[in-house]
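Some features that Swiss-Prot has for this protein:
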{"type": "DOMAIN", "residues": "3-145", "note": "domain 'Flavodoxin-like'"}
{"type": "BINDING", "residues": "9-13, 89-120", "note": "FMN binding site"}
Amino acid sequence: MNALILYGTETGNAEACATTISQVLADTVDTKVHDLADMTPRAMLDSGADLIVFATATYGEGEFAGGGAAFFETLRETKPDLSGLRFAVFGLGDSYYTTFNQAGATAATILASLGGTQVGDTARHDTSSGDDPEETAEEWAREILTALATPAVS
C-alpha cells in the first residue's frame, strides 16, 4: 500500500504534521509528502496512491492555507470521479475563530461529494488547546492505521 500525503500551510505547522503522519504510516505504508502548492488534482489521481492524506490548516476567514485553495477550487471546477479513492483529513485551526477548522471540514466534504471514501474521522487540532499539533498528528495517524487494518462493514 502507498499513501500520498498533501499539506497546505502558511506557518509550517501542517507541513510538520504531514511529516509526522508520514513517519507513523511509513512502518506499514510507503509514503510520499508533497505541498498542495506543487500538486494538481490530476497529478494526485495519476500518483497511483491507495490513500491520500490531507493535512490542511484553516487560514484567514476559513480559507485553505497555502496551495490548498487553488487545489480544492480545481477539484470543485473539474469534478473528477473520485470513486475508489480513499482519503483522510487532518485539519488544523484555532477555536478562537468562528471558522475553526473549516478548511479540513470543507476538504472532507468536497472529496466525499466527488465519490471519495473517507478513512477515519477528520482530525480537528485546536491551536488554542495548547496541545502539540505533531503529537496530535501522531495519535491520529495511528488511528488511521487501525482504520486501514479494519475490514469495511457493508
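Glycine too: its Cβ is placed from the backbone N, Cα and C atoms.
The structure displayed is predicted, hence computed values, not measured ones.
Sequence features, as recorded in Swiss-Prot, placed on the structure.
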residue : record           : DSSP class
THR9    : FMN binding site : coil
VAL89   : FMN binding site : strand
ASP94   : FMN binding site : coil
THR99   : FMN binding site : coil
GLY104  : FMN binding site : helix
THR109  : FMN binding site : helix
LEU114  : FMN binding site : coil
VAL119  : FMN binding site : coil
Practice problem: Return the single residue from the binding-site residues list (THR9, THR109) that has the minimum number of other CB atoms within 10 Å. | Solution: THR109
Practice problem: Around the Cβ of LEU114 (FMN binding site), how many other Cβ atoms lie within 10 Å? Please give the count over every shown protein chain. | Solution: 18
Quiz item: In sequence order, which same-chain residues at least six apart have a C-beta under 8 angstroms from THR99 (FMN binding site)?
Solution: THR58, GLU61, GLY62, GLY93
Quiz item: Which one of the binding-site residues (VAL89, VAL119) has its C-beta surrounded by the most other C-beta atoms within 10 angstroms?
Solution: VAL89
Quiz item: Which whole-number mean pLDDT does the model give the domain 'Flavodoxin-like' (3-145)?
Solution: 95
Quiz item: Are there residues of the same chain, six or more positions away from GLY104 (FMN binding site), whose CB falls under 8 angstroms from its CB, and which are they?
Solution: PHE54, THR56, THR58, VAL89, PHE90, GLY91, LEU92, GLY93, THR122, ALA123, ARG124
